[in-house]
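Student: Sharing a structure below in structure tokens format, with a few things to ask.
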């Protein structure tokens, strides 16, 4: 059945559909993981109702928790709680219902306050939670700087300091508080055995930790009171509430954090989380297997694989969307790895979206490169250089976005940090910067383009350019090898570019024939009559024969080498494959030990290599064959044939001499 479905539907699936299907499978898996985690948290609430309070327990009227700080004008005392017997029966019933709330009972018990004060504290805490003030990590707010206190990677609450204060003071304060909380957690002290309450020390509001029942705590060091933290005026301005109220709420938040950490370290919690983690791991393996199995049916055909929207690496993103959040859920369940798991959960989707966007943009950039290299009028522009520069900028931007999102810092701060380290970046990306500037100069001066034939002996390059990128220029040599030349080397070193030769439509022929100088002589009457019957120069020779009064020493008296040059010139003018310009020469060069060079310096009107070589070879075939007609000899070094001929001649001479002596 699966084979029939594949045979029927697989050819119709496009690359876009396969991408959508992979992403949908990954998102559904993540949704199941989120649901499982939510159900687990719902079954294990952070704060359980206090077992010591019963619904019929009489609520004790509130008393002032501690005196207010007289030095702070904005500090307000917690208002006294009225009696539970108001004149309004409706308010009385509402207070009774509120007193049954486990959170209200916890606040009443912990701070020894009445129902109304507990309700106000709860409402104020919920208001601050809604504003997100307790989830701030670090940063700046107005003229305040703040940094969060963390326990097991979880944010407890941020504390603040004035902006002009030294940041190290705030860091030391946060570290001291975290060390105190970590010490309590490491000693495995049940939060129900301690109480956290505000107090006054040296006219400052502080949070104090003390045991409820000293006889119930075995550790003698915990039987003493611990000073946890000081609630400062900067903290009060950060939250926008008076110091006394903030102190009360802070003690409640710290107690909640200790309770969460203590419960997470209990054996039954670790065992339960291990079972849940094993289930999540099985789900991830199944989801990855389904994603791999679906590739047989959703992978595009050969014609769709060339689509700009298809990128096989996108399938890897599907596995990342499955495994990163899954590992985040697993690690978040254990106290020592909570922060790593939370980071994975918080940043996986952002990173995945950034990578998917980057891959799609890279495909679009590849399409631009292919389009630019296919256009003849754009071949002189190094499109790949500009695209690669934009590619680097986009990649850097996405990396900075991921880093900023990972460390919860604004992108502007990251850019400022990168700007401060610009000198180091310039050193790291030296080749890229030099390549980019070289690419701009190559484009502005139109020095090279795709398809240009260049020669650069220093790098062993002799062939056509098939790629110009930000770092190198790749040359396909005539032997089908590829030479990579640094882009900036084309600016700093010299090279030969044959592009103008192809654009002009003519190609130079420059070659010489060496004439044996002993064969050069004046032309006699017999030679001139023979030359007058030759093609190309016959008429000129006949006209010359009419002047019979020329002496052999006259400069106008013809020589066989001069007639030969005139013949070659006339022959080349009549040749259909020889261009009449820009230069047309048949000249003598300086005599050498190898004879007198007669050089031909003309241009072929066909630049194709094979045709050019055929034209050049045909011209010299004709010239070499016609040279003996002018009583000239081509000079060449003696060959083995010549040496053999000389030996044979010497032997014949020797034999003839012997014969003559015998006859004598």
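Yeah, the Cβs are placed from backbone N, Cα and C, and that goes for glycine too.
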Student: If you look at how TrEMBL annotates this chain, which of 50-97, 98-145 comes out as region 'Disordered'?
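Tutor: Matching range for region 'Disordered': 50-97.
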Student: Looking at the ranges 237-260, 381-404, 453-476, 477-500, which is given as transmembrane segment in TrEMBL?
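Tutor: Of 237-260, 381-404, 453-476, 477-500, TrEMBL gives transmembrane segment for 381-404.
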Student: Near the transmembrane segment (410-429), which residues from the same chain, at least 6 beyond its ends, have a CB less than 8 A from one of its CBs?
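Tutor: That would be 400-401, 403-404.
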Student: Per DSSP, how many helix, strand and coil residues does the domain 'Mechanosensitive ion channel MscS' (431-499) have?
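Tutor: Tallying H, G and I as helix, E and B as strand, the rest coil: 23 helix, 25 strand, 21 coil.
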Student: Using a Cβ-Cβ cut-off of under 8 Å, list the residues of the same chain that are 6+ residues beyond the ends of the transmembrane segment (381-404) and lie near it.
Tutor: 347, 350-351, 354-355, 357-358, 361-362, 365, 368-369, 372-373, 410-411, 413-415, 418, 432, 435-436, 439, 442-443, 449, 467-470, 487
